[in-house]
Amino acid sequence: MGQAATHVDANYTLINYTEEVIEDDRDACAVADDPKYPSSFGITLAVPEWEAICTAIVLTLIIISTIVGNILVILSVFTYKPLRIVQNFFIVSLAVADLTVAILVLPLNVAYSILGQWVFGIYVCKMWLTCDIMCCTSSILNLCAIALDRYWAITDPINYAQKRTLERVLLMIGVVWVLSLIISSPPLLGWNDWPDVFEPDTPCRLTSQPGFVIFSSSGSFYIPLVIMTVVYFEIYLATKKRLRDRAKATKISTISSGQNKYNNKDDHHDQDSVSSEANHNEHQGVTRLVSDNEKKKRTRKLTPKKKPKRKYWSKDDKSQNKLIIPILSNENSVTDMGENLENRNTSSESNSKETHEDDLIEVNETVPVKTHHKKPKPNQQSAVYQFIEEKQRISLTRERRAARTLGIIMGVFVVCWLPFFVIYLVIPFCASCCLSNKFINFITWLGYCNSALNPLIYTIFNMDFRRAFKKLLCMKP
């Protein structure tokens, strides 16, 4: 029993010694990197005065740009009609999250970074840290929701267009904010290592409890990062496949268009022959109305030689047929038909001198009926194909631009937040890792910069947002 008790006491002493060493190491890191600098303002600073002034200016500009940019995004969606669509409510939610970061989190962080000590009390510290976790988590989860929305819209556009209702979007946004609250609230409920009493030199920092660090970093960053990586890769593959399918469809339609042009020539030749015969019969009906002495003369003038319908084209038909041709024909066929019209008009002018106006009226009433095509012309089909292809091209261009914008947003998100969350996850398990306050402040503000960069990304890569921003800022488009 005595040996057992001695063994237990030895283990307890070792544990206490280890904890004391860890605390001493942390305190040593804090003391070694905690110099104070006097200033002309009568307060001590964590950095030299010139550095404090420069830091304050830079960080204040970041805060102002974050506030202004995200307010412009919110106003653009609600005031500019092309942006007033359901899926843009995700962007509004993201802008609200970034705006709360700029208003509730960043100003206190500026003061804390420059002063090097927390002077606002323990309760403000707890609320500030909770808002920090919740708002940053909401910003990241909103990016994840936007990625999922784009993924469903591209991979299943028909079904998802019916499912993407305002209620569904608002439900997803609500889930994002509820999850953010769940991830950020445990420290307020006791899952923390905060001191009970704050001294002037007591740091206000995120809890380093290993369990909470793993829980919060996974929910706030690592799980959304995995989801966005997989989703964006699927979006890339789906967009690439659709572009490849469109290229194949374009080749097929080009070949089909060429075949239609060839068939159009044959059909035109056959229709001319039928029209010639029909017009010949009509001309015979016309010649019965005149006297027998003029019958042979009129028959010679009205009887077609090669293409008789060209000789029965009055001047009044010129404008009428020119209005029809651009609709029924493509660019190449307009030139050919234009030449035929010139020949027909010339022939009409020469024949109108030798025939009576009444005869022309009677012939003109019958000729258009005989030359009318009951089936749609191949040129009409080609125009329809071109219209559909153009609509598909515009749609795919928008999808590709949206996917590219999403990829840039995700890339900026990773660059901004990955350093912070790597350090945040490593520190609780590495007591001997001494990091300077300047480095910690840098990676923390690098993450905050993500809230300022999102509106800039929209402005650069989205034409509608650019127009809306210019309209809100009273700039000429």
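Keep in mind that glycine also has a Cβ here, set from the backbone N, Cα and C atoms.
Worth saying up front: this structure is predicted, and the values here are computed from it rather than measured.
According to Swiss-Prot, the topological domain 'Extracellular' annotation covers 1-55 (among others), on the basis of sequence analysis.
Under the heading N-linked glycosylation site, Swiss-Prot lists ASN11 (among others), citing sequence analysis as support.
Under the heading N-linked glycosylation site, Swiss-Prot lists ASN16 (among others).
Residues or ranges marked as transmembrane segment by Swiss-Prot on the basis of sequence analysis: 56-78 (among others). A Cβ distance under 8 Å defines the sequence-distant neighbours of the transmembrane segment (56-78), meaning residues of its chain 6+ beyond its ends; these are 84, 88-89, 91-92, 95-96, 98-99, 101-103, 106-107, 109-110, 113-114, 445, 448-449, 451-452, 454-456, 458-459, 464-465, 468-469, 472-473.
According to Swiss-Prot, the feature topological domain 'Cytoplasmic' maps to 79-88 (among others), an assignment based on sequence analysis. Cβ atoms under 8 Å from those of the topological domain 'Cytoplasmic' (79-88) belong to residues 149, 153, 164-166, 169, 464-465, 467-468, 471-472 of the same chain, restricted to positions at least 6 beyond its ends.
For the transmembrane segment (89-110), the list of distant contacts is 55-56, 59-60, 62-63, 66-67, 70-71, 73-74, 77-78, 120, 124, 128, 131-132, 135-136, 138-139, 142-143, 145-146, 149, 166, 169-170, 172-173, 176-177, 180, 444-445, 448, 450-452, 454-455, 458: same-chain residues at least six beyond its ends, Cβ to Cβ under 8 Å. What Swiss-Prot lists as transmembrane segment is 89-110 (among others), and the listing cites sequence analysis.
Long-range Cβ contacts of the topological domain 'Extracellular' (111-127) within its own chain (Cβ-Cβ under 8 Å, at least 6 residues beyond either end) map to 34, 36, 43-47, 52, 55-56, 59, 187-188, 194-195, 197-198, 200-204, 437, 441, 445. Under the heading topological domain 'Extracellular', Swiss-Prot lists 111-127 (among others).
Summarising the annotation, Swiss-Prot assigns transmembrane segment to 128-148 (among others) and lists sequence analysis as the type of evidence.
Positions annotated as topological domain 'Cytoplasmic' by Swiss-Prot: 149-168 (among others).
Under the heading transmembrane segment, Swiss-Prot lists 169-191 (among others), citing sequence analysis as support.
Positions annotated as topological domain 'Extracellular' by Swiss-Prot: 192-216 (among others). Long-range neighbours of the topological domain 'Extracellular' (192-216) within the same chain, counting only residues 6 or more positions beyond its ends whose Cβ lies under 8 Å from a Cβ of the stretch, are 30, 112, 117-122, 125-126, 128-129, 132-133, 137, 183-184, 186, 424-425, 427-429.
The feature transmembrane segment is assigned by Swiss-Prot to 217-238 (among others). Counting same-chain residues at least six beyond the ends of the transmembrane segment (217-238), those with a Cβ under 8 angstroms from any Cβ of the stretch are 133, 136-137, 140-141, 143-144, 147-148, 150-151, 154-155, 179, 182-183, 403, 406-407, 410, 413-414, 417-418, 421, 424-425.
The topological domain 'Cytoplasmic' annotation in Swiss-Prot covers 239-405 (among others).
The region 'Disordered' annotation in Swiss-Prot covers 256-317 (among others).
Annotated compositional bias 'Basic and acidic residues' per Swiss-Prot: 263-272 (among others), in sequence order.
Look at Swiss-Prot and you will find 279-295 (among others) tagged as compositional bias 'Basic and acidic residues'.
The average pLDDT computed for the topological domain 'Extracellular' (1-55) is 61. Applying DSSP to the topological domain 'Cytoplasmic' (461-477) sorts its residues as follows: 11 helix, 0 strand, 6 coil. Nonlocal intrachain contacts for the topological domain 'Cytoplasmic' (461-477), taken as residues 6+ away from its ends with a CB within less than 8 angstroms of a stretch CB, comprise 72-73, 75-76, 79-80, 82-83, 401, 404-405, 408. DSSP assignment over the topological domain 'Extracellular' (192-216) gives 7 helix, 0 strand, 18 coil.
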